Amino acid sequence: MWRRFAHLSLSISRTKLQSLQDPTVLKLINTFSSDAGNDGVASSRKPFITFVLGGPGSGKGTQCEKIASIFGFAHLSAGELLREEMSSPSENGELIRNVIKEGKIVPSAITISLIKRAINSATSDKILIDGFPRSEENRIAFEKIIGVEPDLVIFFECPEEEMVKRILGRNQGRIDDNMETIRKRLKVFEDLNMPVVEHYSSKGKVHKITATGTVDEIFERVRQVFASLRYLKAFLSF
């Protein structure tokens, strides 16, 4: 697996290097750097940050909604933040749309700047970041730009066949929800996301959740994790 990961990372690195040399991408990075500043999250705040990771179809989005509702977390989805910025009439939105339209990779710094902005504007100091970081490059960039590591990482473990079954059963009309593309997405997840999980596991920050069963059964496992963190009274009040 690591040999595949190294090969894939090299290919992506080359693509990123070419993308970063593009004038549109450079302008986008400069714009966001100017908007976001370089001081991490607001100096007056020390948010409790939780990463929620899991493969496509693992159910992390559904569980994030329940975590946010019951435990009072601000739920930030990197994908949603990027889509919202793209749909805005701002110059930044237009630049992002152009980058994606040209088949280039949106740099990690852009997504992280959006996350940083959302953290600083959130009304809660308990932050739930859904589906990010997706790679070691994302992770390193997050820690550098935000200036902190996550306090907790929730990883939803789900058998591949179950994830495939769930994605096929969504019936959302997505053109990428077919067997071939689902298998490719799962392989990319394994190659890029698992090293992130392993990194934080080595630091004792990962809580693995068995993501099979009903939504309520899975959430009960999640609830037990957060219940074990009650000593963090400055952040968790439930």
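Including glycine, each Cβ sits where the backbone N, Cα and C put it.
Just so you know, TrEMBL annotations never went through curation; they're auto-generated.
Note that the structure is a prediction, hence the values are computed from the model and not measured.
Per TrEMBL, the features are as follows:
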BINDING   Gly57, Ser58, Gly59, Lys60, Gly61, Thr62, Arg170, Gly213  ATP binding site
BINDING   Arg83, Lys104, Ile105, Val106, Gly131, Phe132, Pro133, Arg134, Arg174, Arg185  ribonucleoside 5'-phosphate binding site
BINDING   Asn138  CMP binding site
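Features recorded in TrEMBL, as mapped to the structure shown.
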residue : record                                   : CB count, 10 Å
Ser58   : ATP binding site                         : 25
Gly59   : ATP binding site                         : 21
Gly61   : ATP binding site                         : 17
Thr62   : ATP binding site                         : 13
Ile105  : ribonucleoside 5'-phosphate binding site : 16
Gly131  : ribonucleoside 5'-phosphate binding site : 19
Pro133  : ribonucleoside 5'-phosphate binding site : 26
Asn138  : CMP binding site                         : 18
Arg170  : ATP binding site                         : 10
Gly213  : ATP binding site                         : 12
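There are 24 other CB atoms within 10 A of the CB of Lys60 (ATP binding site), with all protein chains counted. Around the Cβ of Arg83 (ribonucleoside 5'-phosphate binding site), the number of neighbouring Cβ atoms within 10 Å comes to 13. Using a 10 Å Cβ-Cβ cutoff, Gly57 (ATP binding site) registers 25 neighbours. Gly131 (ribonucleoside 5'-phosphate binding site) is 12 Å away from Gly57 (ATP binding site) when you measure Cα to Cα. Comparing CA positions across the binding-site residues Arg83, Ile105, Gly131, Pro133, Asn138, the one lying closest to Ser58 (ATP binding site) turns out to be Gly131. Arg170 (ATP binding site) sits 20 Å from Arg83 (ribonucleoside 5'-phosphate binding site), taking the Cα positions as reference. If you take the Cα of Gly59 (ATP binding site) and the Cα of Arg83 (ribonucleoside 5'-phosphate binding site), they are about 20 angstrom apart, rounded to a whole number. Using CA atoms as reference points, the binding-site residues Arg83, Pro133, Asn138 were checked against Lys60 (ATP binding site), and the closest is Pro133. The CA atom of Arg83 (ribonucleoside 5'-phosphate binding site) is located 16 Å away from the CA atom of Gly61 (ATP binding site). When the CA atoms are compared, the binding-site residues lying within 10 A of Gly131 (ribonucleoside 5'-phosphate binding site) are Gly61, out of the candidates Gly61, Thr62, Asn138, Gly213. Distance noted between the C-alpha atoms of Gly213 (ATP binding site) and Asn138 (CMP binding site) is 31 Å.
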